[in-house]
Amino acid sequence: MLNSKDLLGLRDVTPQEITQILDLAEDYKKQVKGGQKKFSRLSGKTLVTLFYENSTRTRTSFELAGKYLGAHEVNIAASSSSVQKGETLIDTGKTLQALQTDFIAIRHPMAGAPHLLAKTVKASVINGGDGMNEHPTQALLDMLTMRETFGSLSGLKVAILGDIKHSRVAKSNLFGLSKMGAQVWVYAPKTLIPAGFDALGAHIAHSREEAIEGANVVMGLRIQLERQSGGLFPSLSEYSQFYGVKDDMLKLAAPGAIIMHPGPVNRGIELTPSLIDGQSSRIEDQVTSGLCVRMAALTLLSEYREKNGL
Ligand code: CP
């Protein structure tokens, strides 16, 4: 059981809660990969996915997680909802509450939007990415894939290269991995490293080589062209040339190192196509982990709700 009604970020969760989610997700992953897609844990409950930004992986995996667990599942895309008529997030939350919704998975461009919604509704709110703040289930799925590969997160060196500044994935991974005893190294143009990231526990590398040397995990992050205010790096081709991870750099990493990326990937920019599609890549496995982490989070939140009479 988790310690709160909602899963809004990894900044405030305990290592025990992370372990609980990963253990259950690992169990679900074995069953799902074995063909089991019918569970009754959320039977009679309702999950709404409320997405104010585009998504393929997160939205689809929340939807499938709800369906596999036996919940009623509905998607609201803000682009085709009453949000377009000016409805506020709080009023949308009240509407979902009136419809007796039990779980809301939300993605929103504003940092803190899921927290505001969570205060408004009795439903359990899961943050599917809020602006440049957090994306907790992404970091949990990344940790599941790492833990399955290496047996433990403790002592791992995780190198994250790409757009750190705009990345909620980098922040949630930093919070989660640090709590689990891993070291997080980041490398990017200085303009794409947020101020104070080292104070949060990240090691700031001075070169790609320093970041990747001895790393167990090399994670590329997407250059978020839609969040750039302009002028943070000269061009995509120069970014790729000076900051992208190239094939021969994997030799610097620890033996058995893996390549990860949360997706969607700008092919040939953050990582070369041969790294994306190569034997060391875990990018597709991350997607399967995402389904199972979201099943686990919904299950554990459901236990919290039952124990607290919600
Ligand atoms: N990794 C991730 O959040 O992907 P989507 O934007 O496709 O959900």
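Each residue's number is its place along the chain shown, starting with 1.
Positions of Cβ are set from backbone N, Cα and C atoms, glycine also.
Annotation comment: TrEMBL describes Arg57, Thr58, Arg107, His135, Gln138, Gly263, Pro264 as carbamoyl phosphate binding site. Sequence-distant contacts (6 or more apart, same chain, Cβ under 8 Å) of Arg57 (carbamoyl phosphate binding site) comprise Pro262, Gly263, Pro264, Val287, Gly290.
The L-aspartate binding site feature in TrEMBL is assigned to Lys85, Arg168, Arg222. DSSP assigns Lys85 (L-aspartate binding site) to a helical segment in the three-state reduction. Just so you know, the Cβ of Lys85 (L-aspartate binding site) picks up 6 other Cβ atoms within 10 Å once every protein chain is counted.
Annotation comment: TrEMBL describes 5-148 as domain 'Aspartate/ornithine carbamoyltransferase carbamoyl-P binding'.
Per TrEMBL, the feature domain 'Aspartate/ornithine carbamoyltransferase Asp/Orn-binding' maps to 155-300. Look at the domain 'Aspartate/ornithine carbamoyltransferase Asp/Orn-binding' (155-300): DSSP puts its residues at 60 helix, 23 strand, 63 coil.
Among the binding-site residues Arg57, Thr58, Arg107, Arg222, residues whose Cβ is positioned under 6 Å from ligand 1 are identified as Arg57, Thr58. Taken together, the residues in the domain 'Aspartate/ornithine carbamoyltransferase Asp/Orn-binding' (155-300) have a mean pLDDT of 93 on the 0 to 100 scale. Across the binding-site residues listed here (Gly263, Pro264), the residue whose Cβ sits among the most other Cβ atoms within 10 Å is Gly263. For the domain 'Aspartate/ornithine carbamoyltransferase carbamoyl-P binding' (5-148), the DSSP counts in helix, strand and coil order read 69 helix, 27 strand, 48 coil. Within 10 Å (C-alpha to C-alpha) of His135 (carbamoyl phosphate binding site) lie the following binding-site residues from Lys85, Arg168, Arg222: Arg168.
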